[in-house]
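Annotated features in TrEMBL:
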- B:9-215: domain 'Acetyl-CoA hydrolase/transferase N-terminal' (DOMAIN)
- B:GLY263, B:ILE264, B:GLY265, B:LYS266, B:VAL267, B:ILE358, B:ASN378, B:GLY382, B:LYS402: CoA binding site (BINDING)
- B:GLU288: active site, 5-glutamyl coenzyme A thioester intermediate (ACT_SITE)
- B:319-464: domain 'Acetyl-CoA hydrolase/transferase C-terminal' (DOMAIN)
2 protein chains.
Amino acid sequence: MNPERIQFQKYEDKVISAHQAAAFFKDKMVVGSSGFTKAGDSKAVLPAFALRAEHEDIGITLITGASLGHTTDADLARTNALYKRMPFQVDPVMRGKINNGEILFIDQHLSETAELLENKHLAQLDFAIIEATYIDTNGHIIPTTSVGNSATFAHLANKIIIEINTSIPFEFKGIHDIFIPTHYPNRDVINITASDDRIGSDVIRIDPDKVVGIVFTEIPDSPAQTTAPDAKTTAIANHLLAFFEKEIQSGRLTKSLMPLQAGIGKVANAVLSGLAKGDFENLVMYSEVLQDSTFELMDTGKMTFASASSITVSESCYQHLLNNFDQYKDKIVLRPQNISNSAEVIRRLGIIGINTAIEFDIYGNVNSTHISGTKMMNGIGGSGDFARNAYLSIFVTQSASKDGNAISHVLPMVSHTDHTEHDVDILVTEQGLADLRGLAPRERAKVIIENCAHPEYREQLQDYYNRASERGGHTPHILEEAFNFHTRYLETGTMKQNCLATYEG
Amino acid sequence: MNPERIQFQKYEDKVISAHQAAAFFKDKMVVGSSGFTKAGDSKAVLPAFALRAEHEDIGITLITGASLGHTTDADLARTNALYKRMPFQVDPVMRGKINNGEILFIDQHLSETAELLENKHLAQLDFAIIEATYIDTNGHIIPTTSVGNSATFAHLANKIIIEINTSIPFEFKGIHDIFIPTHYPNRDVINITASDDRIGSDVIRIDPDKVVGIVFTEIPDSPAQTTAPDAKTTAIANHLLAFFEKEIQSGRLTKSLMPLQAGIGKVANAVLSGLAKGDFENLVMYSEVLQDSTFELMDTGKMTFASASSITVSESCYQHLLNNFDQYKDKIVLRPQNISNSAEVIRRLGIIGINTAIEFDIYGNVNSTHISGTKMMNGIGGSGDFARNAYLSIFVTQSASKDGNAISHVLPMVSHTDHTEHDVDILVTEQGLADLRGLAPRERAKVIIENCAHPEYREQLQDYYNRASERGGHTPHILEEAFNFHTRYLETGTMKQNCLATYEG
């Protein structure tokens, strides 16, 4: 018992080991666990369950906020501890099991999981596992570095296991804003009209009778991998920054832009870092994840506030934050992911959403999830939540990759569609930026090929488009050739066509 | 001058002919016109402009609410009066011009056009044409059978032309609820928490100085084509009604279901008619269009209220309504289409959305717009607005069509994606219903093939799935064969495979 971390007497006898907690689960149970982009995840109970599954024929359905940290998803996958997994993951071992059909993965909009659970469109949760900074005198939970779906899990699960993480300072109390829209048919408005609005409680309220175990850990979050900007990411960032400047000159945007959302990754980080150098002021974020660049922008005074569902930063940034938390505490808020990614709030605030594509096509459709149309990479995450409702929906990727630019990321037709052309405003590669606003498909093809495609692929793409448009159609295609880039790569190791002349002749 | 229909003195000298009004437009101007699913459209000025364009080399960009009635879109297309058209159309002549590239069409979510105009992501509107029942003593407009984007057009356009339609009775005053969210960065909440909530004004407020002409017409709306339910649409409706009964038994729904949205068409009409016979009560709609079945449900006492953006009914229903408007007046409201189709309100109210698919695939992706991936049919309309945010997102279509069932509407891969599998809960054909909630792609394939595919195509689809899944992947596909159904149809006139044995052998 640790009276500072457990301030609620009724829980006195609830402290157990991770091993004991993991023993609660029965085969085919449904477990919801905290954890969003590696932040605030279960560091004791889920790993203990993976160990248990190593020697026992048992599996669960695991629902999280988003990706887990450390090797938890890998361990669970390797020991066959999961039947089903949702709504997001980024682990190579798990990805392998998903792609060979051993783990059934449901790739969901991050805003939607809570909705589906509340509507009972997913199975009843048997257990919730929630990482906590501490438990207050009412038995309620002060979360840690993420909120994710924790409030919904705690609300709906039959039983709750709390993981108290003593590495998180008490000062975290107050940065969370927990709001769950009440039930149908009379649900509340999500009354956020600015990034820094608070509409809920700073604790996750729970029914103390549901708590069956409290486990202590002191393991910090997995650090985010940060990569220094390279020539390509810098070029992408610069195209986008030049576009913002132009929008400011046209009077459509001010120097404060609009609230920013950025997916995780080196391009998004490069863009945000670029903002620190440009002539911007009073920037705010309304995003899913607070990254290193968020805090850099605050340090330069350019960013005044940031709202998200988690803090996912590098090891050095994490230590700096924990040691200087008072500097940032009033400038951030962490919300449930159905609020951070709420369609309602995103459209109302007019978010500029910047997300990474795996590939996009000459008409502006975007694939965020599948390699060659079949293999799951990570999942759609929140990109759809933001892209559909954003003031500006921006997707970034490199124009080509692999040795000799064997893969073009600009294609005749995407091999899997996550974001339709209806929802995509701006595409950027290191080659340039395509502004698709107000353009019909045939106009889109021209600017995408000219501005975004790698020079080594422009002729091939143009040739496809020319021949397709001769056949007619609103969105000209030649179905028997639409995936030739992909199949050529699988067959020959490059998407490049050697004999274009035969088509042209 | 008609002092009952124009109650604002300042407009005394504004009455002009349609021919004079159409003469205002200059080449390349942008015109926004009322009209939503053939209701409340411009019946004088746009047809007059089509006539003008017959003898003059002139074109405009035309933005409407949705489709226009009569032969207006056809006439505009035939006389080359349009450079660009958005966000929706249903006319065969225009479709032909769109598909041969002569008219640039932008296919938009119906909720989004107003948003793009307010954000200045589309060009400035030179003119708005708004059909009115009458003009009140303040110079404001009482709309007619639709609201569509009229309020936004009137708000943003440089100049306004009003078409007063004397066939619409004065009793229409009061059924409209006009609300425009104010500008960034502090936009209002759309404070609708029930289908019958009113949050705005019952007139479209306009700046009288913008009004350059008032044109009188007495032409009624084009009637909706109604088709009596046939064996297929009845079967689809019955599968869906049985599903609703099961949801009620499970406790997830009550006999009032949730607010209903239904796309236009014979299947949606059959489903709504079916509700009149079932054990349902206190139904409400929160939809885009009020159809014959809406009023039938009101007549049986099953439906208590209906919200939409237009009234699009058959000739007999239209006459009945105009003659008995007091019976219905308190039970309906017409809203701007960015409110009827608002993501915010749709998710908050928990809509059951029923829309028609052109085709869907074995993983649950839906094509609503393109024939063979290239040719535009009508447009996405509001289906995406509802499907993404609905409590239940339902798509219906026949399993196969044409002589000898030459076309399967269930396919290995859709040739164009409008709704991704993330956004689709229930698929229904006359063969049966696939409940996709909580299913991973490999599970989805099984229930879609078994429940929805036409028996003559099941083996072919299963064969594709089996061979694809042997290759692995989260969403198993064989890219070089993914469109074989479509290309086979184009080559042989049927999607049926004659030599399945060679693949199986």
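Glycine too: its Cβ is placed from the backbone N, Cα and C atoms.
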* **Other CB atoms within 10 A, centred on B:VAL267 (CoA binding site)** => 28
* For the domain 'Acetyl-CoA hydrolase/transferase N-terminal' (B:9-215), what's the model's average pLDDT? -> 96
* Pairwise Cα distance for B:GLY263 (CoA binding site)/B:GLU288 (active site, 5-glutamyl coenzyme A thioester intermediate) [Å, integer] -> 8
* To do: Reduce the DSSP letter at B:VAL267 (CoA binding site) to three states and note it down.
  => helix
* Asked: Which numbers of helix, strand and coil residues does DSSP report for the domain 'Acetyl-CoA hydrolase/transferase C-terminal' (B:319-464)?
  -> 58 helix, 38 strand, 50 coil
* Which of B:GLY263, B:GLY265 has the fewest nearby Cβ atoms, counting only those within 10 Å, among these binding-site residues? -> B:GLY265
* Inter-residue Cα distance where the pair is B:GLU288 (active site, 5-glutamyl coenzyme A thioester intermediate) and B:ASN378 (CoA binding site), in Å -> 16
* Structure fact -> B:GLY265 (CoA binding site) and B:GLU288 (active site, 5-glutamyl coenzyme A thioester intermediate), compared by Cα position, are separated in whole Å by 13
* Asked: Taking the Cβ of B:LYS402 (CoA binding site) as the centre, how many other Cβ atoms fall within a 10 Å radius?
  -> 12
* Asked: How big is the CoA site in terms of the longest C-alpha to C-alpha distance among B:GLY263, B:ILE264, B:GLY265, B:LYS266, B:VAL267, B:ILE358, B:ASN378, B:GLY382, B:LYS402, in angstrom?
  -> 27
* Taking the Cβ of B:ASN378 (CoA binding site) as the centre, count every other Cβ atom within 10 Å, in any protein chain shown. => 18
* Asked: To the nearest whole angstrom, what is the C-alpha distance linking B:VAL267 (CoA binding site) and the residue listed as 'active site, 5-glutamyl coenzyme A thioester intermediate'?
  -> 16
* Structure fact -> Rounded to a whole number of Å, the separation of the Cα atoms of the residue listed as 'active site, 5-glutamyl coenzyme A thioester intermediate' and B:LYS402 (CoA binding site) comes to 30
